[in-house]
Each structure stands twice: as C-alpha cells, then as structure tokens.
Amino acid sequence: MSDKAFTITSMVLFSGEMKDDKDQLTFVLKGGMEDERFVTQAALHVQRPVYQTEELNEVTTYQYRTPDLRRTVQKKFASCKAKSCIFNTVPILKWLPRYNWRKNIAGDLASGLTIAIMHIPQGMAYALLGNLPPITGLYMAFFPVLVYVLFGTSRHVSMGTFAVVCLMTGKVVSEYSNDGTSANATDFNEDFYYTPMQVATTVTFTVAAFQMLMYIFRLGIVTTLLSETLVNAFTCASAFHVATSQLKDLFGLVLPKRKGIFALVFTIYDVARSLPDAKVAAIVISCVFITVMVINNEILKPLLAKKTKIPFPIELAAVVIGTGLSYGFHMKENYGLNVVGNVPTGLPLPDLPSISLVPTIAMEAFIITMVSYTITMSMALIVAQKARYEVDANQELLALSFSNFFGSFFSCMPITASLSRTMIQQTVGGVTQLASVVSCVIILAVLLWIGPVFESLPRCVLASIIVVALKSMLIQFVSLKKYWALSKWDATVWIVTFFTTTIISIDYGLLAGILISLFSIFIQAQKPYSCLLGVVPNTDLYLDVKHYKGIQEMSGIKIFHYSGSLNFASNGAFKSMLFKRTGFDPMKLLTAKKKDLELTQDSLTRSEGEELLTRCIILDFAALTYIDPSGVETLRSLIEQYRQIDVAMYICSCSESVFETLKKCDSYDGKSCRFVIFPTIHDAVLFSQSCSKQKDGCNT
C-alpha cells in the first residue's frame, strides 16, 4: 500500500454569522477555518493513504463478478414456489380474499355502473371505426374484460374499445376483407374469402400471440421505443384520422373506402367533392348533438363535479334521445339517414380465427400490439402512481394476451385501456377490478335483452360521440410548443411522427417516429459532455473551470471529465474532445519529434507551447456509463502516445463495471500497458504531484 497520505478539512454547516452564500464561498476560498469570524457547527477532517483502486479493493476484500449461468438458473428456479407462481400468475387470488367488502363495495358498484353506461355508446361508436357491427363494441366490453379481471395487476384501468386501436384494426379489416359490396375487395389473394369479422378476430388472435411471446421473453421493455413524445404525436395524428373517418356519417354521405398511403388526404378530397349530396337532416342532428355534448363537457360537467363524483352520462343520453327521435320520426325512411341496423340479442357462438390469414396481417398486428400495450401501460402507471401501488409490466402482457386470445373466439377486436373511462373509474370511487365485473354484468343484460332497442339509432349520433370524445387527443397539438421549448430533438420527433402519420399513413407514421427517435438517441450519444476540472482551494472538490470562476487549474495537471459511453462508435469523439480540452495532440508532437523538427517558441502554436508544461492527464470517468473492448484499446493507445512525450495518464472514479472491463481486457490480452486507476480525483492528483516531486519515473 502506498505510504502517501492526504488531509482534507472542509466546512459542512455554517453559523448564522454568515450573511449570504457569497460569504460562504469567500470563506472557503480563503482557507475557511483560519478566519475567526465564522464559527463552524460541523467540520469534516479526513486523513488516509492515497489509494489506487486495486489497493483499495484488496483492503476492502472486493468480490469480482464471476458470471455463472448454471448457478443463476438454479437460483432462479430455487426461488420459485408453486404457490407464489400461481398467485403471481393469477393476481385475483391474492387481492380478492383480502377485499374489504364493507369499505370498498359501494365505490366499486358506483364505478361499475358508471363505466357500463359509458361502454354502451363508446363501444357501439368505436366498433364502427373497426368497420364492424356496433354490437362488437359491447362484446369487447364483456368477454376480454372478464379475463383481464383475473390476470391484470392494475386496479383501475377500464379495458375495452379505444379509438386509435379500433381505427388501426379497421384499416386492416378494410384492406383484407370482402364484405360483399366491393367487386375487388380481396385483391391480395383471390383464392380466399374473409369476412370483416374474420379479419378482425384474426388480428386479435395475432396480437394475443405477440403479447404472449413478449411475456415469455420478458420483452415489456420493448415499448420503451415508444417515448412519451412519440406517443403524444402519434395519438394526436391518429385522432385526426378518426375524426376524418367520421365525416361521411356526420354529413350523411356515401363515400368509397380509401386505403393505403395518403388515405386521409383522399378522404378529405372525397368529402369536399360530395358535400352537395350531404343530407340536411344528418348535418342538423350532428351539429345539435355535438353542440350539446360540448356544452355539457366544458360548462355543465365542471359545475356538476363540485356536487358529485358521478358525471352525467351525456353519451348514453345522446344514444337514447337519438334512437327515440329516429324511431318516432322514421328518419331512415323519411330523410334517408343511415342507422345502426340489426343488433342481435344473446351471446355470439365461439368461432375460430382464420389462421391462414395470420402471416398476411402479422406486421400490422405487431404494430397494433405495440400501440395497444404502450397505451395500456401508460394509463396503468398513471393511475397506479396516484393510488400508490405497483403494476407488473410483464404480468400485464400476460393479462392482455389471455384477454385478446379469449376475445378472438367471440367476435372481438384487440382491447386497450381507455383514457376517459379509466379516469372516471378512479374518480367515481372504484377501488379494484370488481368495478369491471359490475360493468360486465350490466353489459350482459344489454346483450341479452336491450340491444335491439338501438337498431334505429342514426350513425351520425355515434359519429358525433366519437368526434367530441377525441377533443383531448386533438388538442395535444399544442404540446408541440412545450417540446420545442424543452428539447429541439423531442420537437423534431413530434413533428416527423405527427405529419408522417397524418399525411402518409398510421403505419408509416409509427415507423418514422421510432426511427427518428432512435436516430436522435444515437446522435446525442455521439456528442457526450466533456470539460476540464479545477480544484476549489483548500478542498478536494473539482468543478468545471468554464462555469466556476472561483476555482483553480492544477499546475502541470489536466483533469478531463467525460460523460457518456466509450465504444467503437464514440472513440473518435472521445479523442477529439480530449485533444481539444487539453490543447494538444500527442501524435502531432510525436511526428514533429521523429522528424527532428526543432521545437522552439517561434515554431509552436501558443497552446502547444503552453501544454508542454503538462506532465499528467487525469481522466475522470465518474460519469462513464459503458466501455467496450474497442474503447479499452483506445485508452491503451492514448496512454502509450502520451508516455512517449513524457505525459502520464491516470484514470479515476470509474464504476465497478468499467473497472472490471478494463482489468478483464488487460488480463485476456496480456498487454504490458496496465492502467493506473484511482478511486477519486484527489487520489490521482496527489499521486501525480508526489511523482512529479520525486522525479523517479513514477509515470511508468
């Protein structure tokens, strides 16, 4: 162990005699304890040897990591017990026996009733986005929701229909189905005939398969590719697609289905061209219902919220009133309005998805999987944070997988958590997923007996409900201002995602958003932060010399702080920053030396002349996140280059993983150039100063 030692004396707390922060700073810079005006409440005094990291590891008996796959697997399986595995896989077995019926049942009943009332109009409306019968939305509010209650870990999310996911499913249905009304519907393969329901259930089945694979391989982290900025832009742009798709029903038009890229642009063109054929009755009904619902949401709802947590069911009221008006005035016959049509009673018979279609729609299903899971987890984490409980991301994958798998046999599209219903479920007083069970019971009653009542409901009423519900997503456009102010890269991701999704298509928009996000991460990673450090007088504190004017640079020592990773992609940037900060390139000096060029003051640049005084470079790796073998080789090369011009290079403050990588590469490659590593900057500085004084070749 080294016999060199150092002493640190610094002030931690100060008495009330100090007037402000400037006095405290002056006190430290002038030597602190020598000034009798200041009385310290606490002081720090340390005296210990100067350690190299290896010496410190020996003293503290450091245990090097020894990866052992066999031992890791055995330990993992040893910790798994049948009872705990069952309880973790089926969470309802844990929380239901502990359920406080007296305290929580009232809130769950009220919440379940409210959510069921919201499910009816939203389910019927969003089913139309999927190009499916309105009853499909009620199936989605019943079958998969019951399964989620068994396996889900979120207590408050309301599963079922969601506008963006239903729209994405509807595009797949429109592209690959033949509803009997189009002469060229199955242009992708004329040998097969798929109904819209078959395509939709196959999408649901494929989504369930992807979710199960993600659960098995613990790939819930994949959704981190969808950042908050990307999801914000994507859902906002998708809301414009949803709103545009409802224009035909709002105006009572009959338009051709647009597919592929630029579908939104072509749809707007078709609507503008067909406006002379718009039905006055549809326009009047749409305007009235939209106006009433907006007034309720913006004026009456906040007033009502002060008196009760249960909101007025304006959507259900719109459905009931619209159905009554249509039935009483025979609007389909007298005004030519499009109505919902046949609404069957009872539960659907189970039917197998079309497995032969799975390879064809796999890519679209994967995109829906990513979007669905990301939105669900976002909502689950938000409400869990408010209620202070944990949500298991991988268990949510299992719950969604089982829910969609079961729903694919009962005429369901992929389910997702709904923003509006989830917030209402928590606000009204819902405590557990028993609220969803209550909702399912009410939906079951609608499916068995009440469904046919809505057969005369005008589709323009459902379109009005959809457009009004999209308000929160449409106004997300204003968030671009926030992203632009906080980060230009985030703003770029938002702009690219939004306009690609809006103008080109949803699929390409999501892909473009992911690519630009990864590109921004890569570019920012290639521009790590670096600076030179100086010492605060009479302390062991080292700060950025550029931003802290009251510190001093060490004579003959350059302390280079680097924040980022050091790998094959960032090696060049690291060397460029090092040479720029220290002021000279050792290779240039070596080249000049080999050519026997006379280094005089006239032939040197100012920085080179100054930096010949540098005898040590200390690399502060406290913020180095990762180093690979290529980065290690770069350090070896730099150490050798600096050694040839009599400049020592030391490493300090690196993490355990970085330290072990350095030692492992040294040991494996058998290199003679061993790294000199210190636990702190101050150890390295004192060691360098001691070597400089002794002049005994400590550099080697």
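Cβ atoms here come from the backbone N, Cα and C positions, even for glycine.
Copied over from TrEMBL:
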type: TRANSMEM; residues: 135-152; note: transmembrane segment
type: TRANSMEM; residues: 197-217; note: transmembrane segment
type: TRANSMEM; residues: 229-247; note: transmembrane segment
type: TRANSMEM; residues: 280-300; note: transmembrane segment
type: TRANSMEM; residues: 312-329; note: transmembrane segment
type: TRANSMEM; residues: 361-385; note: transmembrane segment
type: TRANSMEM; residues: 397-419; note: transmembrane segment
type: TRANSMEM; residues: 431-454; note: transmembrane segment
type: TRANSMEM; residues: 461-479; note: transmembrane segment
type: TRANSMEM; residues: 491-523; note: transmembrane segment
type: DOMAIN; residues: 547-688; note: domain 'STAS'
Contact count check, CB pairs under 8 angstroms to the transmembrane segment (280-300), set 197-217, 312-329, 461-479, 491-523; argmax is 461-479
Inset, instruction - May I ask whether the transmembrane segment (397-419) has at least three C-beta pairs under 8 Å with the transmembrane segment (312-329), counting pairs 6 or more apart in sequence? - result: no
The DSSP breakdown of the domain 'STAS' (547-688) into helix, strand and coil residues is 65 helix, 30 strand, 47 coil
Have the transmembrane segment (197-217) and the transmembrane segment (461-479) got at least three CB pairs under 8 Å, pairs 6 or more apart in sequence?
no
In this predicted model, the domain 'STAS' (547-688) has a mean pLDDT of 83
